[in-house]
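S.K.: Would you mind keeping the following structure in view while I ask a few things?
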Amino acid sequence: MLSGLSDWFWQEQLWFPKGLGWADLEDRDGRVYAKTQDLWVAIPIALVFLIIRQIFERTVATPLASLLGVKETVRLQVPHNPTLESYYCNITKNPKQTAIASLCKQTSFSERQVQRWFRRRRNQDRPSLLKRFREASWRFTFYLLAFIAGLAALIDKPWLYDLKEMWQGFPVLTLLPSQYWYYMIELGFYGSLLVSVASDVKRKDFKEQIVHHVATILLISFSWCVNYIRAGTLIMLVHDSSDYFLESAKMFNYAGWRNACNYIFIVFAAVFIISRLVIFPFWIIYCTWIYPVTMYEPFFGYYFFNGLLMVLQCLHIFWAVLIIRMAIRFLTHNEKVDDERSDKDETDESEEEEEQAKKDMRKNGPVQNGHTVHNNNHSKIE
């Protein structure tokens with residue numbers, strides 16, 4: 001049954017233009033072509049990435065965080081309460097007002113004490129600033145090196161300058177060693193991200209990130225199997241061109257370097273919009289959607305490949321809206337750039353009131369019962 005399913009899935013009329021097939025990708029005359037079994041190499045590469053990441057975060061990222069002045073926020077630990085803990089773990093982390101009233105009766109806590117307990121308990125589960133910094137520094141390092149390596153691999157290739165060249169001779173396109181390692185390293189990295197996503201910092205776009213990783217792995221794997229390698233290398237280069245700016249902005253944000261974070265973020269926003277909303281759809285997708293049908297009749301692989309590209313483009317638009325919104329807020333109000341996808345620590349009401357009182361005192365002088373205290377003890381010079 002599995003053999004029959006495999007034969008049906010890999011039938012030539014699904015993945016190749018009419019008149020071409022797997023026999024055209026067999027090695028001959030010293031020419032090497034991509035093979036499906038090569039993709040297994042990405043699994044040990046992904047495991048190696050997971051190991052390297054752990055070493056990197058401990059030996060490089062942590063000392064770098066200390067050097068840049070990343071400071072941890074001291075979080076108050078909640079007293080252990082079996083009733084509240086059970087509700088928090090099994091029902092919801094954000095109880096409604098009716099549930100809070102019921103919990104007050106069960107625990108003999110006041111409403112404010114229950115609310116404070118849940119706020120502090122949620123804060124305990126949020127990732128620390130150091131964890132966020134280490135994750136950002138790891139991704140920054142990979143994306144920067146991947147972009148440099150990808151640019152070095154493509155700088156002398158004609159399809160980098162004339163996109164129509166990516167289809168010249170398709171599918172009989174010789175595999176180069178630089179393309180092989182570029183593909184395997186990228187595939188291994190995204191595989192490691194998919195494995196580590198459970199332990200990484202969870203953001204509000206968690207589901208979109210999962211879709212992105214899965215779509216990227218499918219796109220890389222499929223383009224490898226049917227020899228869309230030239231198009232695949234260009235797509236990976238475009239994606240790597242902006243990501244290291246975002247990760248470096250995060251690093252400076254966690255370190256409290258506000259100006260550096262803000263200005264790098266603006267550079268990132270500009271590069272992201274140009275690469276993902278201009279170059280990717282109007283150059284690359286245009287070339288993968290329009291040009292092939294001038295050479296061959298449309299086939300399933302053609303629609304599948306472009307369908308994956310459209311999934312990525314929808315995610316680009318989703319993230320572009322968030323990026324533009326943050327950029328506008330910074331440019332118009334000079335506000336600090338914060339990642340809207342990340343949860344922020346919650347502050348106790350009592351702490352907020354105390355902070356507000358301090359601000360009022362600095363502004364109006366000492367206050368008593370909500371009114372300014374005037375100094376009526378005048379000294380008279382005789």
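From the backbone N, Cα and C atoms, a Cβ is placed for every residue, glycine too.
Not my notes, these are from TrEMBL:
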COMPBIAS  345-355  compositional bias 'Acidic residues'
COMPBIAS  366-382  compositional bias 'Polar residues'
DOMAIN    84-128  domain 'Homeobox'
DOMAIN    131-332  domain 'TLC'
REGION    337-382  region 'Disordered'
S.K.: Could you give me the DSSP helix, strand and coil counts for the domain 'Homeobox' (84-128)?
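M.R.: Taking the domain 'Homeobox' (84-128) as a whole: 33 helix, 0 strand, 12 coil.
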S.K.: On the 0 to 100 scale, where does the mean pLDDT of the domain 'TLC' (131-332) fall?
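M.R.: Across the residues of the domain 'TLC' (131-332) the model's pLDDT averages 89 on the 0 to 100 scale.
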